[in-house]
Number of protein chains: 2
Amino acid sequence: MGPGPSRVPNRVLRALSAPTIGHLDPQFVELLDDTCLKLRQVFRTENPLTFPVSATGMAGMECVVSNLLEAGDQAIVCVNGLFGGRMVEVMERHGIVVHRLDAKWGSSFTEDEVADVVHRHPRAKALAMVHAETSTGAHQPLAAISKMLHEEGMLFIVDAVTSLGGHPVEVDEWHIDAVYSATQKCLSCPPGLAPVSFSPAAVEVIERRKRPVDNWYFDVGMLKNYYEGRSTRAYHHTPPVNMIFALNEALAIILEEGLEARFERHAHMHKRLRAGLEEIGLEYVPDQSLHSMNCVWIPEGVDDAKVRSRMLDTYGIEIGGGLAEMAGKVWRIGLMGHSATQANVDLVLAALVDCLE
Amino acid sequence: MGPGPSRVPNRVLRALSAPTIGHLDPQFVELLDDTCLKLRQVFRTENPLTFPVSATGMAGMECVVSNLLEAGDQAIVCVNGLFGGRMVEVMERHGIVVHRLDAKWGSSFTEDEVADVVHRHPRAKALAMVHAETSTGAHQPLAAISKMLHEEGMLFIVDAVTSLGGHPVEVDEWHIDAVYSATQKCLSCPPGLAPVSFSPAAVEVIERRKRPVDNWYFDVGMLKNYYEGRSTRAYHHTPPVNMIFALNEALAIILEEGLEARFERHAHMHKRLRAGLEEIGLEYVPDQSLHSMNCVWIPEGVDDAKVRSRMLDTYGIEIGGGLAEMAGKVWRIGLMGHSATQANVDLVLAALVDCLE
């Protein structure tokens with residue numbers, strides 16, 4: 001019940017361990033196509049270019065950034081936690097000129113703040129935001145901001161690592177141009193793949209690049225031929241076959257439950273956890289909390305490491321510590337996908353009461 | 001029995017499907033350290049910087065190239081098949097000035113040819129070669145070339161994707177500076193990780209770079225803090241936890257068999273297959289064949305696709321077709337790791353005799 005990897009259902013583990021088959025085997029090709037179709041449903045998009053990058057979540061960020069932007073481009077990054085800061089680092093690696101909009105860790109951005117930075121940097125090609133900041137639990141509303149960016153003609157990049165499968169991520173309705181996520185959070189699949197989706201407008205921008213993408217493995221132009229190629233599928237790399245088995249099954253479970261029912265379950269479990277945490281005197285960090293990631297201040301005088309290792313040793317429960325400037329100051333309790341159950345909520349509360357004594 | 005993914009032993013599939021644990025869980029940290037130690041044994045190196053890149057084989061190539069070299073550097077690439085060509089493409093993405101040494105697909109390079117190109121380009125920082133060319137089955141001897149490069153003070157980059165675990169890869173004895181492989185060939189693990197190793201000399205070169213590595217995900221400077229950090233392990237990305245379970249088990253199986261015994265088994269099965277193939281009139285392509293990859297010309301008048309789909313449908317055996325300029329002209333029969341058994345050799349021969357009728 002930490003910040004991920006979250007618990008993986010047995011069905012997904014069984015799918016993961018099916019005998020490995022060739023990546024050119026017709027059976028696998030069909031399964032990969034089906035996985036991409038299911039991803040579109042979960043991202044709520046018709047984007048043809050929706051697929052799992054063959055690496056972990058941070059690779060999704062690198063893939064999106066390095067394809068959509070090129071050296072010399074300007075971009076705005078909204079930073080209110082570790083992963084916003086990561087986006088700045090990754091962009092700078094690719095020679096992108098970054099305009100930062102900083103906010104206190106744990107806060108969210110208002111539409112006005114974003115409108116202001118957009119007007120100050122009209123030549124920025126894209127604005128990037130973290131929908132679900134795993135380091136603080138902040139939940140950033142996107143709909144209004146996205147509408148405004150769309151009207152300004154600015155591309156919108158979204159980090160949905162900790163929201164996809166737990167909170168609505170409306171790629172089409174919100175006009176998101178490029179979004180990335182990871183399998184080990186609310187999709188309840190082991191880490192190893194980074195689902196991404198690019199809008200047709202984003203694909204056009206990529207096709208009009210002045211220079212080729214500055215890396216080969218994440219080059220969407222080539223990956224597009226592979227993932228959309230169907231019969232003419234061009235060999236690019238060998239995808240992680242068994243991880244695709246697992247992701248397909250994880251997505252099947254999500255679609256069986258239904259996205260709305262799943263979001264409702266996350267909301268309900270978050271409310272129950274929040275009520276319980278506040279009852280024992282723990283205070284939430286973010287001004288708008290994610291359901292999937294609950295970040296609370298550690299009460300004064302309490303030994304962070306001691307409590308967490310007692311939780312792990314006595315209860316077999318992992319909760320997360322703070323990252324960077326929040327190290328030692330917060331705990332992060334995940335309610336992600338398969339883990340967001342009443343039994344888990346009640347157990348983590350009971351365990352916390354015991355370990356805080 | 002194609003060019004990989006090869007068959008994965010049940011022990012590895014069972015390890016793969018163990019419940020996912022947190023990547024910061026002490027149990028996982030210990031397992032990751034142990035996996036890196038086992039990789040050193042298989043690479044036959046003491047290099048502290050030996051770890052599995054969290055992505056598939058081609059990412060190993062990109063990681064090595066983009067860290068060891070930087071834009072404006074000169075490098076020599078020996079191209080005698082598809083993967084040598086890939087190395088040129090990847091280097092060019094990173095702005096490296098490439099001097100190609102081309103040879104006929106299926107041939108190997110002599111020491112004299114390499115010495116000649118080295119003397120023509122004394123300012124090249126590195127020379128790259130494919131040890132085991134998966135597209136043609138060519139087996140490139142490395143020991144003498146490596147010694148020569150070492151004396152010239154030129155870095156040596158080696159692609160060992162299809163040799164590691166099937167043929168000796170003597171990283172220390174041969175003074176290889178950077179080597180990458182993949183899990184889905186002779187290591188008999190599903191695809192999803194790219195084992196790499198960097199010599200201390202390579203690490204020094206990386207530390208003295210003029211500019212930071214032009215990508216974030218594969219930045220060895222940061223990965224070094226993660227994989228060598230032990231107690232201070234700095235969070236970089238979430239590694240594919242279950243794939244690490246699988247790789248650890250696959251390496252354990254290899255070390256239980258013993259590297260010498262494993263190489264001997266591959267050699268023996270290759271001889272048996274070769275004798276059988278030549279008996280039915282099939283001719284090998286490469287001048288020096290790998291044991292793990294057997295590439296033969298398709299006899300005139302034989303329908304490539306028909307034979308391969310009959311093999312798959314009737315016998316459940318996958319053999320590989322040709323890539324690029326060899327498409328439709330060759331078959332590629334893998335004898336990799338767990339698949340290199342007498343039963344498989346005799347079955348593939350029987351099946352070929354039947355399907356060629």
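Cβ atoms here come from the backbone N, Cα and C positions, even for glycine.
Pulled from TrEMBL, these are the features on record:
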type	residues	note
DOMAIN	A:21-346	domain 'Aminotransferase class V'
MOD_RES	A:K185	N6-(pyridoxal phosphate)lysine
BINDING	A:R332	substrate binding site
Problem - Integer Å distance between the CA atoms belonging to A:R332 (substrate binding site) and A:K185 (N6-(pyridoxal phosphate)lysine) - result: 13
Problem - Cβ contacts of A:R332 (substrate binding site) (under 8 Å, same chain, 6 or more positions away) - result: A:G2, A:P3, A:T134, A:S135, A:G137, A:M293, A:N294, A:C295, A:I319, A:G320, A:G321, A:G322
Handout entry: Cβ neighbour count (within 10 Å, all chains shown) around the residue listed as 'N6-(pyridoxal phosphate)lysine'
Key = 30
